[in-house]
């Protein structure tokens, strides 16, 4: 319960902070411009408005604009007061959706705890992205629709139908469900002939709609727009016609649109007829047919708004809630991720995609394959009532996320890439990488530039010259990301505490730890360089190959300084003061010899180059003193201290002068206790706890390492937003060898914490896509407070029990006919 409460409030603070995200996709701004254009409000113009904005959505928008007039002197719509109020309205509907979902789920006989239901709802990231990131108005229809489904469970059919119709007045696309909803209610009331009558009326309406384009004099009234950014069949035709650049493309597109709509209505009619003649109806069957109907709408309708995609994760979430089988969970997960990706590829996180060159425009179209395959596969299994497998969803997500890795490959990354470019260009000017190391201002140890130099020269040889060699550096990061996966797979095969996870499971878990993917591939971060050698060093240590372990840890430290804080853990694993045998002293000496060899050689090679001494002094000064900032935008204790110092104008600028946004300050300005003392105290206690253990296991080693890196992130000076990466990466390693429910939950928690810290400051590809200011409050401050609370929970649990929270939780018993490796997730 403590874990669930901490996670729930973390997600709540995250969603609350997204009220500040702007500009969104421009729904309210487009409505304002459209109503200004059609100010006369005659019947035809009014019809144009209602096609795009259903009556109740139109009512909300018009009320907002009427009560909060547009300031035409302010050209940025995102800064208008009406837009801020609009974001609060979206936030309110998003949370009303949660309460409506609780109402639905609590109507079941087998009640699920409320806090579990809240976590299920919040886990639908696509809803958060659509409602609060992109500001789509489709979220308005969610609360009444979920209430309608809740009333269905309670057999309140009239009230359910009324609320369903209200939800349709917020979002026209929900009218797709009308025949199924009517037939279900008539069938439950044993009115079979009424159900058949509904089908005939529906067929008559279809015939009318098919011939409507030929009867209407104004062809523009048929669609609000024909082009769509939703991956479906009309999108494919639109893309093909765009490629061939035909002069008659518009004509062909309209012809296909009419044909596509006819096909959609024919399929919907066949589904309705099949639904009439099903012998025994239940809520599961109803949801299956609603899902199939919506899949047909997504596949064939030529003007599907991207915001309407949220009904895919919503319906799969309802199916999972009433039947919590693994296959339903994976359907929900797949629908959630694919929907989020479809929207992100076109609109980024907050309405504007930062990746706009021709590579991204063309490559993102490949995702059409994953999305359309998922839709067709689901439609076939929904209509045929055949069982699908978890394997399909895993393979779909793995292939899609691998495509996402390739899609993000050319992304510029964070502003650190400017430094990486300097190193790459210096390595070309000075072929000796150690000479190049001395020519640039670099605080990292020298092997990092050796890696950059190698890939820079490789790129120049195989591809050719480049202005900045950013792609060469991204190639190195991607290569080490792959090496990290291989080392994790090897580690899990050697040290698994239970049955070994299959390669497919390890691949799935590794790729769906999204924060690692974003930090390495999206942000082009070099922290991934250290993990292959670090993991193999741990393997060698635990296999008592101390010289090899020392060599590999020395290589790791010669790449980046951060892993040095794990040196006491390595030493404590080898050295036990209660057992001072000669062999232990020899083991320790072997480890130290290996540890010092590579750093000594690399530093010597740098020392003998011009400017060697100043370079080494600068690098070691960075090691002992840390980076310049008290907190490098890490959501931690020092970030709160920074905010307080700005608030009271203690040696730094005021918040008002900074626009109420918290900014970094030099570490020397902070009180002494926040300049590393708390970190040394906490890590010392952790190390003492580990050192006193009589038998040190692999799990103990990883647990201690996680606590030390987590303490560094929360309590140490100069911790940056990217350093929590280490905590999550080690937690993933622990989960792979000991896949308990408790470890899985902690992995979710650390992954989410890393993701939030990254995207609020750096986005997915290096641009700050989400704002941080909410009514003169930097939203990262309450998040930082909660990060500290989570840390105290983890740290306190470790001091009491010597293990991570939830460590005693084990996997629920599986039937013996199943293999654990297939059902572990």
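For all residues, glycine too, the Cβ spot is worked out from N, Cα and C.
TrEMBL annotations: computationally assigned, not manually curated.
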Given ranges 41-64, 161-184, 233-256, the stretch to which TrEMBL attaches the annotation transmembrane segment: 161-184
Stretch carrying transmembrane segment according to TrEMBL (options 82-105, 418-441): 82-105
Tertiary contacts of the transmembrane segment (161-184), as residues 6+ beyond its ends and Cβ separation under 8 Å: 54-57, 137-138, 140-145, 147-148, 151-152, 195, 198-199, 202, 268, 271-272, 275-276, 281, 286, 289-290, 293-294, 296-297, 304-305, 308, 311
Distal contacts, the transmembrane segment (117-141) - CB-CB under 8 A, six or more residues away: 4, 7-8, 11-12, 14-15, 18-19, 21-22, 24-28, 53, 56-57, 60-61, 86-87, 90-91, 93-94, 97-98, 101-102, 105-106, 167-168, 170-171, 173-174, 305-310, 313-314, 317, 320-321, 332, 335-337, 339-340, 343-344, 347, 349-351, 770
